[in-house]
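Student: The annotation domain 'BTB' is assigned in Swiss-Prot to 45-112 on the grounds of sequence analysis. Annotated domain 'BACK' per Swiss-Prot: 147-239, in sequence order. Look at Swiss-Prot and you will find 239-285 tagged as repeat 'Kelch 1'. Annotated repeat 'Kelch 2' per Swiss-Prot: 286-328, in sequence order, evidence recorded as sequence analysis. The repeat 'Kelch 3' annotation in Swiss-Prot covers 331-378. The repeat 'Kelch 4' annotation in Swiss-Prot covers 380-430 and rests on sequence analysis. Per Swiss-Prot, repeat 'Kelch 5' is recorded for 432-481.
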Amino acid sequence: MESPEEPGASMDENYFVNYTFKDRSHSGRVAQGIMKLCLEEELFADVTISVEGREFQLHRLVLSAQSCFFRSMFTSNLKEAHNRVIVLQDVSESVFQLLVDYIYHGTVKLRAEELQEIYEVSDMYQLTSLFEECSRFLARTVQVGNCLQVMWLADRHSDPELYTAAKHCAKTHLAQLQNTEEFLHLPHHLLTDIISDGVPCSQNPTEAIEAWINFNKEEREAFAESLRTSLKEIGENVHIYLIGKESSRTHSLAVSLHCAEDDSISVSGQNSLCHQITAACKHGGDLYVVGGSIPRRMWKCNNATVDWEWCAPLPRDRLQHTLVSVPGKDAIYSLGGKTLQDTLSNAVIYYRVGDNVWTETTQLEVAVSGAAGANLNGIIYLLGGEENDLDFFTKPSRLIQCFDTETDKCHVKPYVLPFAGRMHAAVHKDLVFIVAEGDSLVCYNPLLDSFTRLCLPEAWSSAPSLWKIASCNGSIYVFRDRYKKGDANTYKLDPATSAVTVTRGIKVLLTNLQFVLA
């Protein structure tokens, strides 16, 4: 008589008789094999697409897998479902070649001169990922010369992110646009949306409205009253704060700067702070600083009244931590830093502005201090700083840590920064501009996981120990961390063209900058 099997024995024995084998690389290998047959050996083409006289030998299966437009075409009762040759009229041959490259290879070289056509055609052919990337590219490169055209385009394609970027450019450069053909032919509803969104007084929006009406007065006079009623003018606000010290004083100073569109920068205010500022950020129109004789204390400077108010202190003392504003949650996050015992911290806490309360949340993957921080769509990018080595001594860090404020989860990017140690960062659209020790200025694109090193003027070759950076009015401003008294020259970088201009003659008392906030 056979003895009963012990639990789990039959599974072990059956392993030698039969089992299910799952090849985890099978799907990828099949896809590679199909694409090799289609591309390298040019086999099994079953449809010819004719564009401007050029014929593309393609595959219905591949086109349908990537595009709902082609899938519907080939599975419908239309003649295109059965025809061997299909003629497309709404796309140029060069742009269709780019679409074919994308559909078959997953890569495409986007060129500025063809970008708007690729944007429109990728939406028409329902290539969603390509359409979204074109939208991001257009939003990054929108400028005075094309903002109205891009705004019109985004409106037609129901693209709110691109529309907002183009509208912001239009309303802040309205004085330059008001006599252009694009502005004078602008549809009424787009003009209304621009002027009702808050146009700076310096852009003379009333003159722009009159110019638009007078271009076709007979038909547009009826809109005059509604346009004047819709107009919302806003004053010029302070955009950048410098926090630092004068060589002869121990107290920190907060200097507010007004950055005008004509590249001029003027000092619009100055306030005395406490002895030692350990962290600072700008949230909305207010300035928040942490430090003083008790390092956990926090103050807010109300920009409207220029009064300092005490806020709830941090739960514990921290030095060299990073403060980052997250407007979408109306919160300020404090990340990393050092304890008073000089131990690196991986703590993350956030301050709910409306409730005046600090709350602890999950920790960083790696404890760091003195890192640069940048908020991009609710994700905080913590860049560089100092971390512990294997012997628990500190070393310059090249890590990029990403803290998601929606999920309260942190992860470290699988790649590192092109430089290490202390750095400063500013967000422009969906890019992070990073300046480090020496003459390094890098544009980091988190969506593409790419870095671009920017060319800088020769003046940067004699760089100080560290530069500071801020994003304001669609430009990147770069400041020295040390100045001679009364010498506060700064550089202004246009992200769209990489052109650099120098702003001279800012009269401030600061000789040592600690923070630059925008």
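Glycine is no exception: its Cβ is also placed from the backbone N, Cα and C atoms.
Note that the structure is a prediction, hence the values are computed from the model and not measured.
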Student: How do the residues of the repeat 'Kelch 4' (380-430) split into helix, strand and coil according to DSSP?
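Tutor: Its residues fall into 0 helix, 25 strand, 26 coil.
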Student: Per DSSP, what is the helix/strand/coil residue tally across the repeat 'Kelch 2' (286-328)?
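Tutor: With helix first, then strand, then coil, the repeat 'Kelch 2' (286-328) has 2 helix, 22 strand, 19 coil.
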Student: Mind checking how the repeat 'Kelch 3' (331-378) divides into helix, strand and coil residues in DSSP?
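Tutor: Reading the DSSP string over the repeat 'Kelch 3' (331-378) gives 0 helix, 22 strand, 26 coil.
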Student: Count up the helix, strand and coil residues in the domain 'BTB' (45-112) according to DSSP, in that order.
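Tutor: Counts, helix then strand then coil: 32 helix, 14 strand, 22 coil.
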